[in-house]
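To start, the structure under review is shown below, and the notes come after it.
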């Protein structure tokens, strides 16, 4: 690895870098050289064509200032300028330009010039052959086929005949399929008539009918494809097995099971004879629809027709059982395939290991991982990634690191997914500095081959927080034609989604689709996460429905992302409905999905339902981890059921899980809430005895408990212990002490502590402000005004709690009319009341009804409260207006022919 490339790879965390060093792979250098604008005119003989744009980037190839470079090659120039004409992607456009420029350079420009004057079949075929690439030739045809008149369609059919006669049947099938899709089903009979008429001049009966059948299948016109099949039978021809397989796949996808079995019986009587591939297509189709028993029956039926189930057959069934969460049945099929003399492949073991990891059963996954090597099947990068991801999700970062070291020793090359798994694990559950060190190690040691360099470079920049540079690098690579996989796009999409920049995520996704990349399950989950993160759950549900309808790989991860979004928004009913939908679709929840469900229910106060989900999880054989137990323990402690919480802690130990500091902190907090401080201290002593070191949360919890019990001596003792343990007070510590001073009306001491925390560089939060504001409202007017001025000078930001405490003070100080008046003003600007707000306003209303002679005198204190209330009201009003302007409701619309989406503001629509 040369020094230039090495400098590029280690430069994630420092400075800028040269995007394309001289040490790039030879093929990449050729691409870069080929796409560099030449200094001379390619073909001086051809003066009627513009050549200065021939090698421009994909962006410049699109219409600019009304000029489209490709338009000059089209015989239908008046149609090419249509603003709705988006049948080719920017990537296809760039490749067409490169291909046509090569033709001009090789002095074949006269063919282009002749074709541009007249849509001639022979010239079209010559151009497509000279382009030399099926994908690019087909893209050129899509661009120039802009007139759907009968004469043009006939000319296209002749071109298809000529291509088939020239041993280019696949390209001919592409052409026919595109023509059918453009002119529509109603005119499809014309195509059949044109192609069949005088076809004998170019190709045989089987060739033309097979091409028509495949074209209709590509266009997903099943009935027309079945008609062609019938015509083949009438001519005494056997359809090809591969075409029949495509037909089976399409019928199964649309759920036409009657036609599936009719076609199967027809095939048995008239041919072709069933093959392993046909059976595998049928088994896969039924398994994807959730009919595993039918898939099993077909597997057993294979031997009756002289077919022996192969490794693909077994892998389809094993994967289907794993997706449903029936891992024990999957393992049964692994043993069955071995008994029948079929050796499991790396894919077999990787599927089972991944399923066990999703269940959280890391011990069994490791056994399978070790066992596969004993039978001579050695793990690949995919296998290592699956097991590594399992360890990370189980929060066993040490085991994931050990596996990575083992991977390196055995010479298995990591990829960008390895990088994402490990770095994410360290950032989420480990230490960020370890993640930075790992990122440095992966990029400096040069473990990645050149073919993965672009993916790893972009992923590394995203993890380093240099998202803009990652996008710039991606854009530059795309412009220069350097291969970029879906992994690189996914890294940027995920990074944007995590930041809540969902519109940017969709822009990158659309670029990915335009460059011919197929969305993966990770792509779908990341796009949904972007919408869920910003609370746009309805848009997320709409996107998921569209993705499922378009057969995108939407899996349990996508459902889990949405489930978590519903719980975070407080929509428990929506989360339950989504959970039921997931199970109805045959998608088995894994341990991560159950963790999200249990945590969401526990936080919503439905701890009994969460406990029921916990039992359902264990009955399915899924292994709960510390996160699941901690969620339940927190739920029981919050509901005052400390005995159940302690039972769960003992159950953790019995299952071999060690309670962590979060577990003990939760139990200590439960005791403190009930005022059982002796038991809280006993738990504190026990945690130290068991080797768990208290953290700042532990000390804050105990200090708060003693302050609420008015035991300031022990509160100060634990403050001293906290300093002795090396912990500095944080804002929570200061807020606890402030609340204690304010509750005991030691306002001067509270003000001194407020100054102390600011001097220590600790930033006050809304709890600090509201605590002090509440104290100011209870204090004498002069000192209250001084304290309020101090808070306003510190950029005090009011919130719902502020509004509630001010409304409460207005009511309690004999000003219920003012409380109701401000309540009405808040309601008019769309302020969302909580239960406390409603209770305060109800009390104020009852007070007025019971006391007809309320105080209406304007006092200094009433003016002070009105002043604070106005500041709060004005801030909430302006914040609401800003949020309404920037968080408008968006609608997902399809954008282009390749499955692209974009977010459109409904107000604009």
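Including glycine, each Cβ sits where the backbone N, Cα and C put it.
Here's what TrEMBL has on this protein:
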- 205-239: repeat 'PPR' (REPEAT)
- 275-309: repeat 'PPR' (REPEAT)
- 310-344: repeat 'PPR' (REPEAT)
- 345-379: repeat 'PPR' (REPEAT)
- 380-414: repeat 'PPR' (REPEAT)
- 485-519: repeat 'PPR' (REPEAT)
- 555-589: repeat 'PPR' (REPEAT)
- 590-624: repeat 'PPR' (REPEAT)
- 625-659: repeat 'PPR' (REPEAT)
- 660-694: repeat 'PPR' (REPEAT)
- 695-729: repeat 'PPR' (REPEAT)
- 730-764: repeat 'PPR' (REPEAT)
Seg_contact(the repeat 'PPR' (555-589), the repeat 'PPR' (310-344)) with at least 3 CB pairs under 8 angstroms, min sep 6: yes
Same-chain residues at least 6 beyond the ends of the repeat 'PPR' (310-344) whose Cβ lies under 8 Å from its Cβ atoms: 276, 279-280, 283-284, 287-288, 290, 292, 295-296, 299, 302, 351-352, 354-356, 359, 361, 372, 375, 377, 586-590, 620-622
Intrachain neighbours beyond the repeat 'PPR' (345-379), with Cβ under 8 angstroms and 6 or more residues off its ends: 311, 314-315, 318-319, 322-323, 325, 327, 330-331, 334, 337, 386-387, 389-391, 393-394, 396, 399, 410, 412, 556, 590-592, 620-625
Outside the repeat 'PPR' (625-659), six or more residues from its ends: residues with CB under 8 Å to it: 360, 394-395, 591, 594-595, 598-599, 601-603, 605, 607, 610-611, 614, 617, 666-667, 669-671, 673-674, 692
Contact set, same chain, for the repeat 'PPR' (660-694): CB under 8 Å, 6 or more residues outside the stretch: 626, 629-630, 633-634, 636-638, 640, 642, 645-646, 649, 652, 701-702, 704-706, 708-709, 711, 714, 725
Number of helical, extended and coil residues in the repeat 'PPR' (590-624), per DSSP: 26 helix, 0 strand, 9 coil
Positions on the same chain near the repeat 'PPR' (205-239), where near means CB under 8 A and six or more residues out: 160-161, 164, 169, 172-174, 176-177, 180-181, 185, 188, 191-192, 195-196, 199, 246-247, 250-251, 254, 256, 259, 263, 270-272
Cβ-Cβ under 8 Å with the repeat 'PPR' (275-309): same-chain residues at least 6 beyond its ends: 241-242, 244-245, 248-249, 251-253, 255, 260, 264, 267-268, 316-317, 319-321, 324, 337, 340, 342, 585-586
